[in-house]
Amino acid sequence: MASTIIMVVVLLALASSGALASDPSPLQDFCVADKASPVLVNGLVCKNPMNVTAEDFFFCGLNEPGNTDNKQGSNVTAVNVMQIPGLNTLGISLARIDFAPYGLNPPHTHPRATEILTVIEGTLHVGFVTSNPQNRLIFKVLNAGDVFVFPQGLIHFQFNPDVHADAVAIAGLSSQNPGLITIANAVFGSDPKIDGGVLAKAFQVDKGVIDYLQKQFWMDNSN
């Protein structure tokens with residue numbers, strides 16, 4: 001009897017942890033975000049459903065290429081709850097990623113979402129790194145029509161190895177607001193800056209290398 005009770009408790013705990021790991025579940029047909037509300041909740045406050053229109057569930061322009069004229073040679077056009085208020089509580093979003101020849105979407109993480117990426121045109125070299133202590137790189141070369149998954153929270157990247165042709169991909173994410181942490185930006189472009197001695201010791205390099213990196217402009221390729 002005791003073992004049965006323990007098993008039930010364990011199963012309930014596992015079910016609860018799974019539920020807490022995703023975006024809030026909707027308790028009504030929809031909860032269109034009221035971005036003008038000053039109230040802070042986990043997600044966004046619902047707009048009065050009587051004031052909801054089709055525009056709250058609509059986004060236009062994902063067919064337009066993003067501007068890849070930057071140091072990374074890439075551009076991410078995000079379509080999350082900030083672009084489509086109707087995504088609030090629905091637990092999904094997407095993005096278009098454009099790559100110039102030899103363009104890179106640099107190593108980054110999404111703290112709140114798993115990502116599934118489909119290559120629309122061109123070729124991409126993609127990969128993610130497992131957590132400590134293995135830090136194993138799992139990578140693949142993708143062509144048009146190929147699909148690859150990046151697990152939630154793990155560092156990953158996408159790179160266009162073709163020096164002559166552009167590439168385009170569409171990514172689906174399991175959160176209305178996946179979040180984005182670009183590793184180089186966070187480490188070397190923080191405000192205020194992380195102490196150079198800390199980073200020199202962490203990366204096992206001379207502090208002059210850290211000083212140089214912290215003086216660079218760490219751009220954001222998202223819009």
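Glycine residues also receive a Cβ, built from the backbone N, Cα and C atoms like all the rest.
Database features (TrEMBL):
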BINDING   Asn105, His110, Glu115  oxalate binding site
BINDING   His108, His110, Glu115, His156  Mn(2+) binding site
DISULFID  Cys31-Cys46  disulfide bond
DOMAIN    60-211  domain 'Cupin type-1'
SIGNAL    1-21  signal peptide
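Candidate recorded positions: Cys31, Cys46, His156. Nearest to Asn105 (oxalate binding site) by Cα distance: His156. Between the CA atoms of His108 (Mn(2+) binding site) and Glu115 (oxalate binding site) there is a gap of 12 Å. Shown in sequence order, Gly43, Leu44, Cys46, Asn88, Thr89 are the residues of the chain, 6+ apart in sequence, with a C-beta less than 8 angstroms from the C-beta of Cys31 (disulfide bond). When the Cα atoms are compared, His156 (Mn(2+) binding site) and Glu115 (oxalate binding site) turn out to be 10 Å apart. Neighbour list (His110 (oxalate binding site), Cβ cut-off 8 Å, at least 6 residues apart, same chain): Phe150, Gln152, Gly153, Leu173, Ser175, Pro178, Gly179, Leu180, Ile181. Surrounding the centroid of the Cβ atoms of His108, His110, Glu115, His156, where the record places Mn(2+), the chain contributes additional residues within 8 Å, namely Thr109, Ala113, Phe128, Phe150, Leu154, Ile155, Pro178, Leu180.
Confidence for the domain 'Cupin type-1' (60-211), expressed as mean pLDDT, is 97. Ranked by how many other Cβ atoms sit within 10 Å of their Cβ, the binding-site residues Asn105, His108 place His108 at the bottom.
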